[in-house]
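As given in TrEMBL:
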DOMAIN    B:87-139  domain 'PAC'
DOMAIN    B:203-256  domain 'PAC'
DOMAIN    B:294-518  domain 'Histidine kinase'
DOMAIN    B:540-656  domain 'Response regulatory'
MOD_RES   B:D591  4-aspartylphosphate
Amino acid sequence: MIPDQIALDELERDALTEIVNIGVSRAASSLRKMVGDQVLLSVPSIEVVNQRRAARLISEREIVDLVAVRQDFSGPFSGRALLIFPETNSLELVRAVTGGELSAEEVVEMEHEALAETGNVILNGCLATMANMLKRSLTMTLPEVLRGTGATLFEIDQNSESEGLVLFLYIDFAVRQRDIRGYIAMLMDIPSLATLKELLDEFILRVVGEDG
Amino acid sequence: MADNTTSATAEELRGVLAAAGACGAWDWDIAGDTLIVDPRFAELYGLDPQDAGRALPTATFYQAIHAEDRARIRIAVAGLLAGAELFSKEFRVIAPNGAILWMHGRGQGHRDEDDNAVRFTGLLIDVTDRKRTEERLRVAQSAGGVGTFEYQDGFATVSVSSEFCRLLGFHPTDRLPVRTINAVLLDGESPLIPPDGETPASLDGEFRIHRSDDGAERWIARRGEVIQDGEAGGYRLLGVVYDVTEAKRQEARLRDLNDTLEQRVAEEIVERLRTEEALRQSQKMEAVGQLTGGIAHDFNNLLTIVSGSVEMASRRLDRSSDPRVARALDNAMRGVERAAALTQRLLAFSRRQPLDPRAVDAPRLLAGMSDLLTRTITESIAIAIDAPDDVWTIEADPHQLENAILNLGVNARDAMPRGGQLTISARNRTIAAGEATESHVPPGDYVAIAVADSGIGMAPETITKVFDPFFTTKEVGKGTGLGLSMVYGFVKQSGGAVDIVSTVDAGTTVTLLLARSSAAVEAIDDRQSDDEPQGSSSETLLVVEDDDDVRAYTVATLRELGYRVIEAHDGASALRLLERQEQGVQLLVTDVVMPAMSGSELAQAARALVPDLLVLYTSGYPRDAITRDGRLSPGVDLLAKPFTFKGLAIKVRELLDRA
């Protein structure tokens, strides 16, 4: 299902998880400064799946509609990054990052703005850290807010022969004692994933050295 | 003093940590690139106790970690050193005594004002026991195919194991929404996770699901416990699921097998009952036939004597002088005739009557019967005979066929007490080779003679019994119960078949199937002269009969007709008489069933002496002596007992004239 040249082994997955962890930690730190409150973010697991499976995987776990912040990135590896929440969690997140002082109407008004900004912080943190840790540079587009189901977010084209692959990261948020869960998905084509795998191997060699 | 205080505090802290299950603590100075560990950490890693609290090279952190886990931990630490916040990893540590211990390392990254990672602190906790338990649980789940779940009432999600996800066809995860789980169930199944607020009595149940990944229909069993959690009033469902599809399938197969077994046994029993019934029927027929045959022989001899004597008396009586005696003799004669007919019917249904089949033109036979039918059947019944001229010639004993049709006509009459329509028809019917017929006749050309009435009809149970001897629907005294069984016996003996179709209140149709004959129709001898044909004294007849009274009557009759008659009481004396006769004997009139030498043996021996000797058998019941397959052998003439004066006269004359 997943070609060999891009299938990540356990160590590569650990390395990518840690790199994204560094990224979301940076993002948490930035959010803390925005919110002035404790924000914890962690990435417990990562998977590489095809688009169809990603859509199914997310719809198995989330039964409500989804909200996503999307940013495209390009560089040695290119693709599209999505930060996805169940729709019910998005207002919670907005409330959390805006300090909980706002009325319900104001929250709804602010939602789009707040989501785009939060997504930008988190996705930027992740992608910038990845670029940094892998010693490459990436450029990113402006964030865009989307709503829909797993299938629409992953834009599954029934007619397309080759499917893109998805790096699927599960993230836990803890903001102001509120538990918010979400997902980071990075859609990449096979050449980009192959490049990413090579860069991860370089990173592992640097960190583990001959001990590995 | 200060030192004492510090060490006391360190000692207390150590106690607290030990109580918490901690096996050591560390403080990693990122900027200074040094590592400080506590005494338990030092002890676990097999360091010099003096090294606790001292600045050590950071590489120390990895030295006791199992080689297979080291790369993983190096990557995780690299993440922390580069700015990640949380460290939570499980790895193996090799203790100084060589024991492998599972440790859970939990740590936190610390940053300065400029967001630079400066310190990394954490605790090691021995989770070996938990790890073993988990391992056992994991093996138990995967090897046993058992998935676990835990649901706290009020929550929208359920904690599940990987095996649970696999069984239901989900991607492995540790938490699934209740709705996602319940969506795999087939329509109409109760939910796998019961709805909130309805504390289930038990978790035992079986469910049909469509597995989420491949859509396969599976059976899932659920077992577990409902745990009431204290005062809060809530409950937890702690249970397991496992796949029971195979067991269900086997159960179904077994049930199928069982069901069809019962069905097969039932069919077998029905078949056996049918065979037993057929056997019983044939045994009954055989028994009745034997009884009939035994009686018929002697009974017909007696009837011959009675009828002969009555006839003799009638002839000698001047009818005008004593009409009452004449009537009494007529009554006696009718009684004899009825008795003879009864014996004949008994022989017919047991298929033991000698048949004399000839080529018969059915339409002509039916036309000839119309007078008889009209006389027998009441005026309230309309009789129609429908037999086109192109109906084939059939092979049957014409007298018995007339008898059978008359019998059916009488039955039809009795079925229409308030009048109705009687139709007797004849049609050609060809039965093809592959054609399955209920009648079980061989393929070929047949003529179907149907007797249909518009009467009261019969129930199916009755139809199955109508051919039984002595079965009758008529009142006691009105029927012998031999009519239809005689018809059946006659048709079967003639190689045909009888079919009966009846609907209650709509009528009955009995159809006789008789084989087509290729022979030309013979003229039926219808000589109806009132006078008995006479003989002359130049014609010598030899009468052989073991019953003295019958012999006396036969001889007296023939002499009265003018013949010269000699007699013998058995075969041996008959042959002696033939040898001594200088004047030739033309006709041998012999009984068939006699002790010592039978009629046919006698005829054979007699023909050896007198080659052109004519033979006439007389018999009340010839058994198989002169018949083949129930039919008379060609060239054999038989006069059935009891015979009348006129019958004997005609038959003897016919034979003598034929020669």
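Note that Cβ sites are derived from N, Cα and C of the backbone, with glycine treated the same way.
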- Residue counts in helix (H, G, I), strand (E, B) and coil for the domain 'Response regulatory' (B:540-656), per DSSP? 46 helix, 29 strand, 42 coil
- Item | Mean of pLDDT values spanning the domain 'PAC' (B:203-256) | 87
- Mind giving me a neighbour count for the residue listed as '4-aspartylphosphate'? Other Cβ atoms within 10 Å of its Cβ, every protein chain shown. 27
- Message: What does the DSSP secondary structure composition of the domain 'PAC' (B:203-256) look like, as residue counts for helix, strand and coil?
- Response: 15 helix, 27 strand, 12 coil
